[in-house]
Amino acid sequence: MAAESSTPAQGQKRIYSLVVDTGPLIKNEPALSTLLAQAEEIYTIPSVLSEIKDEATRSRVHTTLLPFLKLRSPRPASIKFITDFSRRTGDLEVMSKPDIHLLALCYELEIERNGGDWRIRKDPTQRGLNGKPPGQEESAEENVTQGDEVEAELQNLSISEAVQEVGVQESAKEAPEEQSPYEEVAPEVTQEETVVVDTQDQETEQTGEEVTTQEAPENDDDDDSDGWITPSNLKKHQVKDSQVSGSTQAIQETLQAALLTSDFAMQNVALRINLNLVSPSNLSRIKQLKTWVLRCYGCFNVTRQMDRQFCPKCGQATLTRTSSSTDSHGNMRLHLKKNFQYNKRGNVYSVPKPIHGTASGKLNNVQGGGKNHWGKDLILAEDQKEYQKKTAEDRRQRQRDLMDEDYLPNLVTGERSGGHGRIRVGAGRNVNGKKRR
């Protein structure tokens, strides 16, 4: 089974079971013709179709893609495995419920198609795989048993040959005793001749034995160097053959189960589990990921929530965007600069002291906060009431009803938001610069 899956036949498609996420369905990338040409079966979960809100996209998916899609829900055991694994990798907080179910479905298909979880990593820190393919283990056991049988047969043959040689030598010793008529005719001469002949034969036999004993090890070395299989190196060749076959079968030419998604968290978890991951552009296999993460230079914590402004561990505004890569073994690597310069803008001046009010209300109009009131309502931490108030205001502004009759776009009203719509933390670059009104 493993050998058949590793070598695709002529005309067989490159992917057998393909699990599709919502993103490729909405963007229609790759096209339906590419999916049908590369994959035998296309799977998804029912909740993916409900995520499509656009009416045109929903009608296109139901008309063109739905007849070729197989809807299937994963089992609870698979969902639990993906949840525990993504919690260890730190991706669970940014993954939705459909994302976990898609990974669980791909995990199930991988086990079903490959006859077990020998290709799956059960822990993010695991380096190798769980074992060898079932077919390879059976062939290795058969090779070992056949090797033992061959070795036993060779030992029996050597014992039988030794017994035959001993019988020939005994018959050769008994042969001169039967030649009695020649001894009666010339007993003295025959004795001398026999003695001479025997000594010559013995010398030749001894020299022949010496030559063979000296040349035998050289022949053995030559045989070992030339790759001949002998009873002495039989098991060594069996181990070597099993290692070669294991390394070749680990790289599958036909992907039994693959995941098609553009979500980085899902891609990271899939690579760490060793699930097959394909690109949305041309369905080529992805072996390495490179993306951006936020790294805190105060506590060195790493988070993938790119919309955060404060570190989730220490709570300070010390997050910097850093490039990272994940290889096919699930190892994550951060790419840091050698001469990295920390941004110290806005930290030259100390924070102005707050100005208290008076009971009479004379100083209520005094705003304080230094020149141009730059130090008023400074946001320095995530748990400040100013930050919570500003976050609620921004959320309320984003929830405007576009169908409202009284709604006017910002281009008409002249309303302008801050840079990239993010809340300003700290004093900014230049505290003496002119502020937008």
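Quick reminder: no glycine exception, Cβ is built from N, Cα and C everywhere.
As written in TrEMBL, here are the features:
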DOMAIN    18-109  domain 'Ribonuclease PIN'
REGION    118-148  region 'Disordered'
REGION    165-245  region 'Disordered'
COMPBIAS  183-199  compositional bias 'Low complexity'
COMPBIAS  217-226  compositional bias 'Acidic residues'
DOMAIN    286-357  domain 'Nin one binding (NOB1) Zn-ribbon-like'
BINDING   CYS296, CYS299, CYS311, CYS314  Zn(2+) binding site
COMPBIAS  386-402  compositional bias 'Basic and acidic residues'
REGION    386-437  region 'Disordered'
With the Zn(2+) site defined by CYS296, CYS299, CYS311, CYS314, which remaining residues of that chain have Cβ atoms positioned within 8 Å of the Cβ centroid?
GLY298, PHE300, ASN301, PRO312, LYS313, GLY315, GLN316, THR318, LEU319
Set of same-chain residues at least 6 away whose C-beta sits under 8 angstroms from CYS296 (Zn(2+) binding site)
VAL302, THR303, CYS311, LYS313, CYS314, GLN316, THR318, LEU319, THR320
Which listed residue (CYS311, CYS314) has most other Cβ within 10 Å, given these are binding-site residues:
CYS311
Sequence-distant neighbours of CYS299 (Zn(2+) binding site) in its chain (C-beta under 8 A, six or more apart):
CYS311, LYS313, CYS314, THR318
